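So the structure is just underneath, and the comments pick up after that.
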Amino acid sequence: MRLRTRKASQQSNQIQTQRTARAKRKYSEVDDSLPSGGEKPSKNETGLLSSIKKFIKGSTPKEERENPSKRSRIERDIDNNLITSTPRAGEKPNKQISRVRRKSQVNGEAGSYEMTNQHVKQNGKLEDNPSSGSPPRTTLLGTIFSPVFNFFSPANKNGTSGSDSPGQAVEAEEIVKQLDMEQVDEITTSTTTSTNGAAYSNQAVQVRPSLNNGLEEAEETVNRDIPPLTAPVTPDSGYSSAHAEATYEEDWEVFDPYYFIKHVPPLTEEQLNRKPALPLKTRSTPEFSLVLDLDETLVHCSLNELEDAALTFPVLFQDVIYQVYVRLRPFFREFLERMSQMYEIILFTASKKVYADKLLNILDPKKQLVRHRLFREHCVCVQGNYIKDLNILGRDLSKTIIIDNSPQAFAYQLSNGIPIESWFMDKNDNELLKLIPFLEKLVELNEDVRPHIRDRFRLHDLLPPD
């Protein structure tokens with residue numbers, strides 16, 4: 001009997017202990033399962049089943065899924081609010097552009113493209129912007145002023161030429177803008193106008209700046225302007241020795257205008273059949289036509305204030321007014337006054353009409369010097385480069401001459417082109433005066449001007465061999 005009594009008491013104690021433990025566990029589970037956001041508690045989810053469900057589902061993974069989504073939204077907001085002056089394409093810059101960017105960092109001249117398209121790490125290094133879906137943005141200088149020339153490499157030399165349609169022009173600007181201004185600042189040129197064919201001595205030619213890159217001249221060590229692509233620059237143009245050393249230390253491809261000319265694709269039938277942009281000549285129109293470039297050929301303009309600017313005027317672009325400062329090349333007016341007496345002067349620029357037309361209205365309000373004006377929309381867009389096809393003039397090419405600081409500009413009529421050194425601020429420059437005797441002689445001869453231009457400047461000798 002004692003044994004039975006003892007077993008009964010032990011069994012009752014065990015049952016009571018189990019009930020107490022179950023009550024504690026159930027109470028704890030109810031507290032843990034209480035919803036924090038006002039949700040209804042799940043029914044009958046206690047004990048081992050509830051613990052298993054908690055272990056499988058849990059709340060931590062849900063929080064981890066929410067946090068990354070929140071971080072990505074913040075990142076997108078930052079990217080959308082980031083104001084940049086250059087297009088941000090999804091593709092990485094090509095080899096040449098990346099090298100130029102490194103040189104800018106070496107010289108401590110990180111341009112707007114670098115600063116806006118890369119994030120700064122805590123260690124001060126730059127990394128690519130993770131956002132690649134932002135719409136392309138264009139610069140003021142790249143849309144109003146003359147664009148830079150794009151690298152023309154063997155990889156794309158067989159490409160087809162574009163047209164001057166609005167859609168292709170926009171696409172071309174997106175390509176051109178990837179080079180942007182810090183690239184132009186790194187490239188030097190050596191094109192000359194000598195008669196012995198030394199117009200391209202060291203094959204380091206600049207890729208033409210958007211007219212007035214908005215920086216100060218190359219001759220100034222502080223706030224200097226970006227020299228124009230393909231435009232000649234004198235050895236004492238103000239570049240420091242450290243700058244030159246950094247340039248030559250890197251193994252990168254420079255823009256070769258004569259390689260570009262050699263491999264430029266032929267004009268399409270549509271381009272060859274474009275209607276002439278100029279009206280027919282009148283009886284008072286001179287027999288010979290002289291086509292002149294604007295930027296770095298006749299004038300030099302900048303968005304930075306120039307103390308010695310000959311004039312300044314505002315330009316309204318995208319609801320923003322920009323002040324343009326203009327320097328006139330020495331003997332600018334004398335050259336035009338003299339040449340306008342024997343030539344039909346035609347201004348042909350790759351700049352936007354909103355800028356160039358306003359400048360010409362100031363310089364020649366009555367059109368006594370320049371009879372006709374052509375702008376970017378009259379150029380032919382070839383793989384991001386604007387070329388001035390003289391066929392659009394509707395003039396006899398045997399009596400047509402073009403003067404430009406960029407040989408690429410007259411790539412389709414090389415025998416009609418006279419290269420001239422780019423001008424920024426040299427007050428002793430007399431390149432325009434030096435051309436007057438030769439131009440007068442061409443009119444006096446009254447012959448096809450192309451053989452004479454070819455023999456004088458020998459640009460065809462600078463083309464690379466086949």
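Every residue, even glycine, has its Cβ placed from backbone N, Cα and C.
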Among SER12, SER59, SER104, residue that the record in Swiss-Prot marks as phosphoserine: SER104
Residue from SER85, SER237, SER284 to which Swiss-Prot assigns phosphoserine: SER85
THR86, THR285 - residue that Swiss-Prot labels as phosphothreonine: THR86
Matching range for Swiss-Prot feature annotation, region 'Disordered', among 220-240, 262-282, 388-408: 220-240
From the candidates LYS26, LYS54, LYS367, the one which Swiss-Prot records as N6-acetyllysine: LYS26
Of the residues LYS24, LYS57, LYS95, LYS427, the one that Swiss-Prot lists under N6-acetyllysine: LYS57
Listed residues SER134, SER153, with the one flagged phosphoserine by Swiss-Prot: SER134
For the domain 'FCP1 homology' (283-442), mean pLDDT (0 to 100): 96
Structural state of SER51 (phosphoserine), classified by DSSP into three states: helix
Other CB atoms, at most 10 A from the CB of SER51 (phosphoserine): 14
